[in-house]
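Copied over from TrEMBL, here are the features:
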TRANSMEM  107-126  transmembrane segment
TRANSMEM  138-161  transmembrane segment
TRANSMEM  167-195  transmembrane segment
TRANSMEM  207-230  transmembrane segment
TRANSMEM  236-256  transmembrane segment
TRANSMEM  299-323  transmembrane segment
TRANSMEM  335-357  transmembrane segment
TRANSMEM  392-413  transmembrane segment
TRANSMEM  425-444  transmembrane segment
TRANSMEM  464-484  transmembrane segment
Amino acid sequence: MVPEVEKLEESAIVENGSDSIVEPMEHIEENKPKRIYKIRLEVAALLVSFAINLSSAVFQNQVLYQSCIVVFKYNDTVCNDIGTGKVNSDPQLKAIENIVQPFSSKIFMAESLVQAIIPAFIVLFIGAWSDKFGRKPALLGTSSGYVCFFVIKMIIAAVSLKQNVNPWIYIVASIPVSLSGGLCAILSAIYCYVADVTTYYERPYKMCLMSGVIALGELLGQLLSSYVYNASNACVVFAVSAAAQILAIIYIVFVINESVPKEQLSSGSKLRGFFDWGLLVEMFKTTLKKRPHFERATIWCILLPVTAITFDSAGTGNVFLLFVRGKFGWTVQTFTTFNAIHIVIDFVGAVAGIFILQKFLGATQTTMTLLAFGCYVVQSAFYAGAAAPWCLYVGMGVSFLLGIATPMGQSMLSNTVPPCDIGKVFALMTGLGAIAPLIASPLYTLVYNSTLATYPGAYNLISLGLYTLCFLSIGFVHIAELYYPNVNKIRN
């Protein structure tokens, strides 16, 4: 059973267009849909998350190795050793690592840019398009791009076993992902689906459940990654990821039901209807139109912090492995173990945090989101000042609530606009998230390469400043709610 959220007092605002209608809580309670939420899409989300995370660290390690061998012409022994703890005790290996890393980081940056440029355009349409044509086609289209992504990487890795292959060729694998909308598009479709099939009372928990399932996929992928890699090679890892993604597609086709009601689905051409500029205009009208009680400002003060998480993840994702390899001599297994522990702490912290804060302490979604971004600030400060690995673990441990930031932000957004506008707002959110890597990847890579010899953790200062601004932004929403208690209370 879903835990009941503490009832709000007296009334709730139900928005229709630009007007706000106050309805008695009793009326809303009587008409609240009686639905039993079934675990269905979570299985597909688990497989997608597992596939992506199983191969991510292995791919970065493969690029470092092939850069060392093919581009810089070092021998196999040296190139294998720069991925071990020997770097800390051998000045020559350390010097080679510092040569190879900046080159490899440019490949990671290029991959991020390829996966961001076209999706930044596509995701602006996909939310409003899925409002008209359904969530299921959006899920299938984006998932298919990832199948091609892993298959191409598998082929390149297989060829590299027989002959030297320049690591830049891996960028080709990102083209299908880019053309299908990328990770932002698939996440947009997933969370729109959850918003479709849940009530206001269920939504915070189900958003967090979905985030938890995605985190579980990350955990399994990170934990198994190094073991599969050590027992085989990169080619096998990419093959397993492709198989998991294919299973996700089969599951979506045969098990998942469309969440958009049939009477709301359009019978027009899906392809022609995708690039409907009217949908884009509707999206911006929805998010920019004047609303009472600072609701327009509230939408943007939630949108931007949620986007900031994507921005920071895109930037740090390119350099964090390089940072811990270079500074602490971590192997792929050490790195993936750290990530797995991080995922467990985030998941447990999110579940326990929501249950305790909302169920027992009566905390609002805004209060919980504010605490989550406070945790991001603390973690970034620890990472920026990390002089030893234990600093990273302490920063991770004291920031156990940060896992609720994204699902709470998404839940707040879905409760601030009418159901018919959820896809449009989520499309803008994912559009901003797709644009974020275009700025974050070059920025973090530039800062890391520029400070590699003196202060390799300097890029964390960007995260620290960014999350401080996010904390202040959510603080504004919290203050607005104090003055207008009915803001962020749409009942679906």
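Note: Cβ is positioned from N, Cα and C throughout, glycine not excepted.
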Feature contact check the transmembrane segment (107-126) with the transmembrane segment (167-195), CB under 8 Å, 3 or more pairs: yes
Tertiary contacts of the transmembrane segment (138-161), as residues 6+ beyond its ends and Cβ separation under 8 Å: 44, 48, 51-52, 55, 59, 62, 66, 126, 129-130, 169-170, 172-174, 176-182, 185-186, 188-190, 193, 233-235, 238-239, 241-242, 245-246, 248-249, 252-253, 256
Chain residues in Cβ proximity to the transmembrane segment (107-126) (below 8 Å; excluding those fewer than six residues from its ends, i.e. six or more beyond): 60, 63, 67, 138, 167-168, 170-171, 174-175, 177-185, 188-189, 274-276, 279-280, 283, 314, 317-319, 427-428, 430-431, 433-438, 440-442, 445
Cβ-Cβ under 8 Å with the transmembrane segment (425-444): same-chain residues at least 6 beyond its ends: 108-109, 112-113, 115-117, 119-120, 122-128, 182, 184-185, 187-188, 191-192, 195, 283-284, 286-287, 299, 303-304, 306-308, 310-312, 314-316, 318-319, 410, 413-414, 416-417, 459, 462
